[in-house]
């Protein structure tokens, strides 16, 4: 059994305590963080401003994990889907969405998902396990070696707030000045609506929050999102009102438009009433059809009508284009399996590594 500490699984405070336990100076933690996250060091030998004695000690008691993509698929629209094989054979996917002025990376927090949302392909796979802090952070590090990343969204495989300890620790690494140096404005954590964990997230770190709402009545949300039976709309929306928002930031409300299910004008009217006193902006996401799911994409008329009504009521609203759908990288299509990356005429597949164990 591997008893060595994965150094990339530690927050700066935990790394300081680890070093203090060895009789070393606290400031060494900041030096190590910079080597890991700003210089991309993969061995302690590279950390030349550390004393040789400390480097030898670290080599004997700690390790630096890495991830390399086992496969990469590139969409016609430039979206890049990375498949990472973890050290226990499990796999997860991350998606890079390119824009003119920024790249947004969508990362995973779990292998599979227990939320069982009816419209989400990931939800059809049972939850296998939580990702470790290092596995979350290493998705960002791996993609940054390939292309620059400006924004991070926790909207990949899994429910981030169901893995809150590791997600918070990963966020602390991403936000730290000696870590990955992301701005709090550039990171968004999405949730299906785990209310107690929303409150703890708000107390622990300052990041943007996205709530996957998708219905305007408890009857419908109970059916398509089972978590609603535990935390119904009134409870969830009250938690949104209490969530600490710095400055003039708003909660992002994600609303997947399901054809003939939740895309009517009456749905739009109820949504406006529900959000009337919550600082929010709305992302409309036309459903991406996938095999084995009975839901259908909404008509363009229904999308336009819904969008216009929200605009007329002075909401900030964006209808998201379906990026990466030709390589099953669009919202709700991630499944973390090699069979998701079979070559097709639509996307280009690039095999990056034949290894089945990418964590070292």
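Just so it is clear, glycine is given a Cβ too, placed from its N, Cα and C backbone atoms.
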Annotated companion of 158, 159, 212, 213, 214, 288 at the S-adenosyl-L-methionine site, Swiss-Prot, chosen from 183, 190, 276, 321: 190
Closest of the recorded positions to residue 159 (S-adenosyl-L-methionine binding site), Cα to Cα, picking from 93, 106, 113, 117, 120? 113
For the domain 'Radical SAM core' (99-326), mean pLDDT (0 to 100): 95
Candidates 106, 113, 117, 120 (recorded positions); nearest Cα to residue 190 (S-adenosyl-L-methionine binding site) turns out to be 106
Residue 117 ([4Fe-4S] cluster binding site) and residue 106 (disulfide bond), compared by Cα position, are separated in whole Å by 19
